[in-house]
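Below is one structure, written out as structure tokens; comments come after it.
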Amino acid sequence: SRAIKTNQDLLPETPWIHIFYNDFWGTLLTHSGSHKSYRPLCTLSFRINHAVGGMDPWGYHLVNVLLHAAVTGLFTNFSRILFGDGYWTLIAGLLFASHPIHTEAVAGIVGRADIGACLFFLLSLMCYVKHCSTRGSSPSTWGWILGAGLCAGCSMLWKEQGVTVLAISAVYDVFVFHRLKMHQIISALCKRKNLTLFFSIGLLTSWGTALLGVRLYWMGNKPPSFSNSDNPAADSDSFLTRTLTFFYLPTKNLWLLLCPDTLSFDWSMDAVPLLKAVSDWRNLHTVAFYAGLLLLAYFSLKGSSNERECNGRTVMNGKQNANGHSCQSEIEYKTLEVKSSFSSKEENGIKKHEIKKLQLPSTENIVILSLSLLIVPFIPATNLFFYVGFVIAERVLYVPSMGFCLLVTVGVRALYVKAQKRFLKNLVFCSTAALIIFYGLKTVVRNGDWQNEEMLYRSGIKVNPAKAWGNLGNVLKSQSKISEAESAYRNALYYRSNMADMLYNLGLLLQENSRFSEALHYYKLAIGSRPTLASAYLNTGIILMNQGKTEEARRTFVKCSEIPDENLKDPHAHKSSVTSCLYNLGKLFHEQGRYEDALMVYKEAVQKMPRQFAPQSLYNMMGEAYMRMSRLPEAEHWYMESLRSKSDHIPAHLTYGKLLALTGRKSEAEKYFMKAIQLDPTKGNCYMHYGMFQID
């Protein structure tokens, strides 16, 4: 809702330049309550969607699906560089296309930020791959690295993690294109032939530092602040709890990639219980995860001196393997066709870089790149450098899933190579095909959960019951299923009793069904849980005013009007509630005959009023106050302002008609009375005022 439905940056009357100063939800980036999620290109795409199709969701979903298709195509094309033409590339592409973890990013409109970031991530990486292959032979090579830098910047403007593509590009250059091992990097620094390599790495580092510096400056040099429910571990006072939980969360994310059986629209609150002691059995998962990761990284970086793979063929120091495929070496196999046509690369003008770009990287090279692609884009979500506003977010795994798909593919290829019997090779292929089919079926099923809000929230009850029941209550209420909605709210509060939003929503439901005493009780609980919840003060004051408790109502409205909007998640909604509080306080003074006090409060409301607030009732009441004070020109001005802001506002037609009649403009007055009747022929109040006008 905040990213699209109530985001003022999508509206045509809002200057488009505002997109580059506001966060993803339309809040000023430097505001203390901003989430600092700076994604202007994604917001711009929403604005284009809004301009073309308004709020019709079909167009938004179409763009998401097309972007995912484009990303899948680019990823498959990148896989060809690693696996060559053939079924290994196809397997990698199918794994990515079918993975269920992508459902949230593709089916959920706001997930477009991750898809767009991944699109430019891959474009940047492909540009850098082209730069590597043309470096030292063509002037266009620097155009390619410029394109890589620009696409990296665009990726970051879609979503913050996009900047990590610069690190992935460096890993590709060092470990895939140049095939260096860890122990070779230091010695490579001393060789003149590697100057272009380190110059390219220097450019990537400088550009990445510049992008991060500008990003930090643009958001006001301050990290965002989040509530306890968004990231409970970050709010924990125990260092041990924070450490154990933060180390465990990557393990949980990897399991979601490996076995996406249980998925949820929201993993906040207690969806992943905190690890509070070393004795927690989940720490075994953490140890196994990091041990496996370190071992895989160690053996990949160390490399193998005796065995090489030729894209599915095993080579032992240049000897023939068990399957009868003869290779002198990995390089000889992969450049066999070139060497059969030319007796000497020097004689025939074939340069070293031209032969190198025909070679496919070894398993170790691909594993290093895959691990980097899996880990590095995920680092911003690890709470390592700053706290984030979620525990787990499936959409965040969209980019890292590319590394996972490459790892699975290279693992399957390695198993296929090691298998000596045809039966075992077929078993590897069938198992891989089954995995792709299962992923695809799970994606279809998960898309069914995203068909509508009710199905989505019901599917999340087993993971995050408090959040799911609360959101389900809102859906059931919109369907006029009042008793079911009340039960849903109470279920949410059973799991988490201090949720201010749920306490408020339950109070609102009760108020709308004339159960005012119960509503007041829940509003007070909501205020106790979150003292800055202006909407709870507003409705409390309205109930008290209607019950004749004017002094209590006045104190409630005044207290609400004094709440600042600092560090609030949604300052726009807060300002709207504060404005409504001032409006109702002015009405209270008006009913007591304190017109001067009412006008002072109304003017304060006009000053604090946000852009999205509908001001017609406020302007009309200002006109009424001036009318009672016999200041007719001012009254006429505010009546006209009310009609300008909403031309079909019936109260303004009636009050302005009364003023026109009072000043002797009978014919004009009659037009406004008749217009009010036309707007709502069933409203008896309009006929009453018109009858009084006729009597006069």
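Each Cβ is built from the backbone N, Cα and C atoms, and glycine gets one as well.
Just so you know, TrEMBL annotations never went through curation; they're auto-generated.
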> For the record in TrEMBL, which of the ranges 169-193, 194-218 is the transmembrane segment one?
Replying inline: 194-218
>> Please tell me whether the transmembrane segment (284-301) and the transmembrane segment (194-218) touch - that is, whether there are at least 3 C-beta pairs under 8 Å between them, with each pair 6 or more apart in sequence.
In response: no
> Which residue counts does DSSP yield for the repeat 'TPR' (650-683) in the helix, strand and coil classes, in that order?
Replying inline: 27 helix, 0 strand, 7 coil
> Within the repeat 'TPR' (579-612), how many residues are helix, strand or coil going by DSSP?
Replying inline: 27 helix, 0 strand, 7 coil
> By DSSP, what is the split of the repeat 'TPR' (500-533) into helix, strand and coil residues?
Replying inline: 27 helix, 0 strand, 7 coil
